[in-house]
Amino acid sequence: MPVVCSCCAQARAMLKRPKTGHSLCRECFFWAFEEEVHETIVSASLFTRGETVAIGASGGKDSTVLAHVLKVLNDRHHYGLKLLLLSVDEGITGYRDDSLETVRRNQRQYELPLKIVSYEELYGWTMDAIVKQVGLKNNCTFCGVFRRQALDRGAMMLKVDKICTGHNADDIAETVLMNVLRGDIARLRRCTAICTSGEGEGAVPRCKPLKYAYEKEIVLYAYFKRLDYFSTECIYSPNAYRGHARAFLKDLEAVRPSAIMDVIHSGENLSVREGVRMPVQGTCNRCGYISSQALCKSCMLLEGLNRGLPRLGIGKHHRLHGKILAQQPLTLDEERKLKAVDF
Ligand code: SF4
């Protein structure tokens, strides 16, 4: 016998919500999902009327659902936001070029303006060229650092007030675990924040309206709404560490369904003992972007690529910052050490 929706008690239930276990019809699921995102937005005061908000759009399911839901909620609840799409072209042939086609279709479907910024135009390097030089071991470090700054630079070109990203509950729980496992206290403290403050030159406030949305529900929402999204994995995607955290979290979830939310709540409530030294945010002496060192991570990575010493940006080489800023050559010994370590 068909199960009836536990919300409207009229239509046939089409799914069991992973988050609550409720059996719902399609329309009640859409409503519940959207209104939970609305609740997240309102309770965290994510937006102010009249703001211009860029949605970080990759063409993947998370950012596609985010764009769709924000447009729906902006109309339904009269947020008064000017929404637009902001994409980053990392220069990955056979992956990003295809996913950007999806973003262009989304732009037409949702009638939102679209801006694409590329690594090539911002840094003079594509990820294809970076992988050729650094291989497939540390490529995601370059890509992640460059993407963060590229989004900020794109947002500044567009003069937006905020950037929204499609990070979901699973992503955030994985990040909490990764930061615990790495002992990265500074990131651990920041990673559960629903909105970063945007302190410092070059940083636009970022928020995560899908922070409490389960990945499984995002997939269900995209599927039942028949949203147009791109689901192929990046061709340069080793990202082994996140993969371990993800697999661990899935195992935990199998025995304790609330594991994702529990990990997020634990992360939110962690506090750093008094006296623990934390990095002090300043600005990069070369590009003016936020940095706790004389040179930001992005400038160090770029310097390493341009000198043919990609290891320069990986790990801690703070003592070389002064030399690099003064455009002094490295000694043969310094170069040898940077080349010697297995990359
Ligand atoms: Fe960039 Fe790595 Fe993500 Fe590919 S998997 S888009 S290289 S961060």
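Yeah, the Cβs are placed from backbone N, Cα and C, and that goes for glycine too.
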Request  = Report the candidate from VAL88, VAL131, VAL134, VAL204 that shares the ATP site with GLY56, ALA57, SER58, ASP62, GLY166, ASP171, as recorded in TrEMBL.
outcome  = VAL88
Remark   = In this structure, the one of the binding-site residues ASP62, ASP171 whose CB has the fewest other CB atoms within 10 Å is ASP171
Request  = Would you pick out, from the binding-site residues ALA57, VAL88, the residue whose Cβ has the largest number of other Cβ atoms within 10 Å?
outcome  = ALA57
Ask   = Considering all pairs of residues in GLY56, ALA57, SER58, ASP62, VAL88, GLY166, ASP171, annotated in the record as contacting ATP, what is the maximal C-alpha distance expressed in whole angstrom?
value = 19
Ask   = Across the domain 'Cytoplasmic tRNA 2-thiolation protein 1 C-terminal' (282-312), what is the average pLDDT of the model, as a whole number?
value = 86
Key: DSSP three-state assignment (helix, strand or coil) for ASP171 (ATP binding site)   = helix
